[in-house]
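The structure appears below as structure tokens.
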């Protein structure tokens, strides 16, 4: 099975560099252009399935790439981006000033300390691991070949942690660009990275 991992196109909140995980945003003009470039780059691939999170920015990106209406995507809410709680839409500089103690605790204990009313990293990582593993078992049983998987920066990093059986610290070893795709081959649960961040 070959998995094409794509991060959703850019949104306005990406441009503003604020925390935004569970908030549902659509692509901006740049994000649409990125999705169109990815569509051209992957036009020769016949996808057996298109998988997205439950958030519009992934579904919109997948529609551009695959030409398949989002109602036909496999949408998995369990693979949504991390929930930043009361920090959604806020910049780290604001948090340093207005929520300094919580922000300092989060920075010093990033795996365990959650944002107010949000998820800790460990909660998020476990959610992604369980959701992705359940999906992967189903996909392998169905003998699928090429799968387009459009997700989020944090989600895709956690998927790699799961596939490569890496500890939480490995989360910081990868990044996924808005204007690139990655290719992972999976056979009986064993994953091999073929390409990472192929620019389009």
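Every residue number used here counts from 1 along the chain in the order it is shown.
Using N, Cα and C of the backbone, Cβ positions are placed for all residues, glycine too.
All annotation found in TrEMBL is predicted automatically rather than curated by experts.
Record features (TrEMBL):
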ACT_SITE  8  active site, tele-phosphohistidine intermediate
ACT_SITE  81  active site, proton donor/acceptor
BINDING   7, 8, 9, 10, 11, 12, 13, 14, 57  substrate binding site
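Mapped onto this structure are the features recorded in TrEMBL.
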residue: 7; record: substrate binding site; CB count, 10 Å: 27
residue: 8; record: active site, tele-phosphohistidine intermediate; CB count, 10 Å: 31
residue: 9; record: substrate binding site; CB count, 10 Å: 28
residue: 11; record: substrate binding site; CB count, 10 Å: 22
residue: 13; record: substrate binding site; CB count, 10 Å: 17
residue: 57; record: substrate binding site; CB count, 10 Å: 29
residue: 81; record: active site, proton donor/acceptor; CB count, 10 Å: 24
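Counted over all residue pairs in 7, 8, 9, 10, 11, 12, 13, 14, 57, the record's binders of substrate, the longest Cα to Cα distance measures 15 angstrom. Same-chain residues that are not part of 7, 8, 9, 10, 11, 12, 13, 14, 57 yet have a Cβ within 8 Å of the Cβ center of the substrate site turn out to be 25, 27, 28, 31, 178. A coil conformation is recorded for residue 8 (active site, tele-phosphohistidine intermediate) in the three-state DSSP classification, outside any helix or strand. Across the fold, the C-alpha of the residue listed as 'active site, tele-phosphohistidine intermediate' and the C-alpha of residue 81 (active site, proton donor/acceptor) stand 11 Å from each other. A distance of 14 Å separates the Cα atom of residue 13 (substrate binding site) from that of the residue listed as 'active site, proton donor/acceptor'. Reduced to three states, the DSSP call for residue 57 (substrate binding site) is helix.
Separation of the C-alpha atoms of residue 57 (substrate binding site) and the residue listed as 'active site, proton donor/acceptor': 11 Å, rounded to the nearest whole number.
Annotated pair residue 11 (substrate binding site) and residue 81 (active site, proton donor/acceptor), C-alpha to C-alpha distance, rounded: 14 Å. Residue 13 (substrate binding site) falls within a helix when secondary structure is assigned with DSSP.
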